[in-house]
Every structure is written in structure tokens, then in C-alpha cells.
Ligand SMILES: Nc1ncnc2c1ncn2[C@@H]1O[C@H](COP(=O)(O)OP(=O)(O)OP(=O)(O)O)[C@@H](O)[C@H]1O
Ligand SMILES: [Mg+2]
């Protein structure tokens, strides 16, 4: 077995163990603490989604927060409609909207909502991707275009108050009801729901990165030109990973809206998008697992430290990012891989040392 | 019909006609060597055939199909492979991973999604053996020496298994022994592949070439066997300057 695969399989098993058994035990099955941790886990999904496009294919998507936001609004629209019952959502009345906008109608269906939560982001991501990658846009220009899209999309959501709740977002949501189960976010089962989503997303990510598809993406990251001369349609590879990444971000957004019990345009802000990049970089963008862990660790630190440094947290985050970029560009994952390699080298040296002593002993015996 | 037919091929960069009305055919299974002084337009000719550069005139027929407007990946799928003048392996990938990318008989997204990243098939082992990289197969390509990098590129072209292979200075920087080994590999390759080779090393050209075309200032200066070329006055003038 290839060493890349074994690292990831062992890592995944350990991670799953910690998430499913370790964390709940450490937190003493405390419902409130677990719900906070569920939030970190949903953010881990959006971070691993970025690792797929950025780490694997080298496409730095700074609009990841936009697709994340779409997922969260899809979920929130459904729950808002449920909370409003027969009447219109309250904010629409305040904005002189007197019939339910067509865009909202299908969100009365849970099935539609769950599908829309990742199909809409995937579709939008795919559309942007098709235009970018057919025109062979790469590198920093991908970051600029996706960032511009994010800013425009957030503005649109804020301006269309009557349809989106504007700056306030969507609040006063009903709890989600799925197969007759009313989801209580302060419950152990909700924690396991989010954990399961993360583990499924990671399994998908690991499958993709270890398939030939993932290998071709890594080739594209290094040299898209060269890869074309082997017959690969580079644009279609890039477009697909962009879509998958957007879909996972939307999925994460749905869970996030559930955990926080509202959707807000701040989910689609530039600073949120940059935060995703930081989590991914801290963990290590080359591995989906590492990117997920990066998101959990940074958010855990934020949860603990932002109480202490209320004002300074963003500064700390910025400095952290600078340090990572300068001193560990491959993140925590890079450190572990390098350490593993150094150990292996030491191990093989130790073996040769162990192999020699009998000879030395023999000669000593002869002498004595 | 010839496998490759190039007619009145032309490309202009600003005021410079880098390739200026080239006409030649290449037969199946032939090794055709392209010679010429620096800046003659040899690399540009290969660029035009593989799709890196768009021609401003003329046509290129590959197995009877007009390819001069096709996207590069489609030409690759038709069976045209390319080695560039500057070594271009994937430095972050291991040797076997490089070979796996190169083995691209089925390049579709769907097929990649359902295949493993690396398959150490008998054929892969055989190719590693031919180029002597068996012991380095799990090494990152970035850690290879210059010579080994050249070998890896040749291995990648063998793995790609294109019908027509375009080689730009494959022996640059190789030792005499390595160059000899490359010549043997090329002769073997020509059983199933057609090769166009740009090369400056005349002893190498003498061993491998079935036919030679000499270019100068974007134009074909001479064409023929090695003896004919070596006796050609125009070629002597072009190389000596006067
Ligand atoms: N993309 C380009 N834009 C402008 N000029 C170019 C371009 N590519 C090549 N040229 C010019 O076209 C001419 C032919 O270049 P080419 O690389 O084909 O020469 P060559 O025969 O391969 O030479 P060498 O033996 O040095 O590799 C040169 O004068 C070069 O500067
Ligand atoms: Mg050249």
C-alpha cells in the first residue's frame, strides 16, 4: 500500500474514533458543549471542501463562503416557512411583499430543500467554473474572480430585503423535522448527525483524492499545459472538482444554519471566506482530513481565546496565518509527513546498526 | 497515404515568420530528424503539430484528419505525444504517479473517477525497467538527477503510447552512454510508433534517422538521407554562417 493512502486511512480511523467517542466523552455528553462542537464539525466540512479544489487542483476559491451561504439560506428558507405556517414570513410583510415569491415556493418541500442545499451551489459553482476554465483562467485570477462573485452575491442578498431578510438574514426558524424526528440541536443525536455528515464528506474526499481523478488534478495543479498533451480535458476536470467542492460547501451551510438557528449575510462575507482559507492552510491543504482538523482546531482556539481577547482575535488569526504561510506552508499535515519521513529514515539507519553488532561481538569474542 | 502531411505551414509572431511555408510528409514507423541552427523554427514546428501554437496558414493532416485547428487535448487523443525542450515532469508526483498520468489511453473524467491513482501493472514495471528507474519508482520526480528526469520523460512517452511522438532534444545533457541507450530505445519504438526528433547531436542523428529535414529561418533547406544532407552545400553554408 502506498504511504499516502496508509497515512490517510489510519488518520481517518483515528479521527472518526475521536469524533464519535472521544469528544462526547471529554465533553461529558453535555448537550450545550456538543452543539458548539457540532458547529466546528460543520465548518470542518467547508474547510475540507476547499482542500479539494485548492489543495488538490490548485484552484483557490475565495467564493467558498457564497456557496456555503446558499446552503444555509436553503435550509433557513424551509424552516422559516415552517415557522410562519399559513401566513407569509414576517419580514416580507415589513417590506411590502404580499404574496410568497416564486423562489420561495418549492422550499416548502423538505426533499427539495435538502437537494437544493447542494445542487444549487453545485450548479452556480459549475457555471462559474465552466466560464473560467474554458477560458483557461488559472492561478491568482481564479481567486480574484471568485472573490468578486462573493462580494456581488452578498450585496445582492443584502439588497433584496423583501426576499432574503436583507442585513438581518432569516431568523425565528422552526426546528427541522425529518422522518418525524424533530431535530433538537441540543442533543447527542444531533451531534452524531453532524459527525456522520462530516465523516461521509471526508470519505468522499479521500476517495476522490486517491482515485486517478485526484492524481490528474494534482498533475493539473503542477502543470495544466503539460497535462493537456496527455489528452486530458483539463477544463472538465477542474469544473467537476469545483462543483463537488461547492456542493459540499452548501451541505456544510445547511448544517450551519441548523446549529446557529438562523442564516445571515455574514456567512457570505469576505472575512468568512478568508477564515476558511486559514483553517485549510493551518491543517494542510493537501489532505482533506488535515483541512477538516485545521478548521476544528482554529475554531476551538477561537472559542476559547476570543473570550479572553475580544478585540484582538482577528489579529491573532491573521498572525497565525502569516506564520503558517511563512514557516509551515504545508500546514500541520506537512509537519507530520516530514516527521514521519525523518523517523523512517532513522528507522532504516537503526536497522543497519542492529544488523552489525553480531559481527562486532564475534570479533570481540575472537579477540578475548 | 502518409501518416502526417504538412502543407504550406506558416506562423507569424509579430514581424517574425518563425515557420514560413513548411511542406513535408512523415511515413508510419519512420524516424524523421529535424535539424537546423538555433532559432530555425524546429520547436515551433513541433508546437504547431501538437497544438501549442496556432498556425497563421497552411494545413496539417494526421491520418487524413485536418488537425491544425483542434484543441491540444483532442490531438493528444488522436495519438500525438510531445516531449518539450525543457524537461517537464511533474516534480511533486512520484515516478510511478508520473507514469500513471502519462498512461492516458482513457482520459475521460468518468474513467478517472473509477480507477485507482496508480496501478503497478506489468507494463509499468517493464517501462521502468527499460529506462532504469525501478529503484526510484516511489521517489518524487523533483528529487531525480537531470539525466534521470530525461529518462522519466521518455518513459512517460512510452507509457502514453502515442502513434506519433514529437521529441524536442531528447538527449540534451546526457552522457555518451545514455545517448546510445536512448538511440536503441528509439529504434525499438519505431516498430510501433512514428517519431519526429529535433536533435543537435549528429552522431545520435546518424544512428536513428531514417530521413532528415534541415530547417533554416523557418524554411525547409534540405531533405534526404544522412549522406545527402552531409554533402549538401546549402546546409554547410547555413551551419557555418556563410
Ligand atoms: N511564442 C513566441 N513568440 C514570439 N516569438 C517566438 C515564439 N516562439 C518562438 N519564437 C521565435 O521563433 C523563432 C524560432 O524559434 P524555435 O524555438 O522554433 O527555434 P528552434 O529551431 O527550436 O531553436 P533552438 O535550437 O534554439 O531550440 C525564434 O526566433 C524564436 O525567438
Ligand atoms: Mg527548440
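Using the three backbone atoms N, Cα and C, a Cβ is placed for every residue, glycine included.
Feature annotation from TrEMBL assigns transmembrane segment to A:6-28, A:40-60, A:110-133, A:140-158, A:178-208, A:229-256, A:262-281, A:288-306, A:312-336.
Taking residue pairs at least 6 apart in sequence, the transmembrane segment (A:178-208) and the transmembrane segment (A:140-158) share fewer than three C-beta contacts under 8 angstroms. The listed stretches are A:110-133, A:178-208, A:229-256, A:262-281, A:312-336; of these, A:229-256 has the most Cβ pairs under 8 Å to the transmembrane segment (A:40-60). The stretch in closest packing with the transmembrane segment (A:110-133), judged by the count of Cβ pairs under 8 Å and taken from A:178-208, A:229-256, A:288-306, A:312-336, is A:229-256. Simply put, out of A:6-28, A:178-208, A:288-306, A:288-306 has the most Cβ pairs sitting under 8 Å from the transmembrane segment (A:262-281). Long-range contacts of the transmembrane segment (A:288-306) within its own chain (CB-CB distance under 8 A, at least 6 residues past either end) are made by residues 8, 11-12, 15, 36, 39-41, 43-48, 50-52, 55, 198, 202, 205-206, 209, 275-276, 278-282, 313, 316-317, 320, 331-333.
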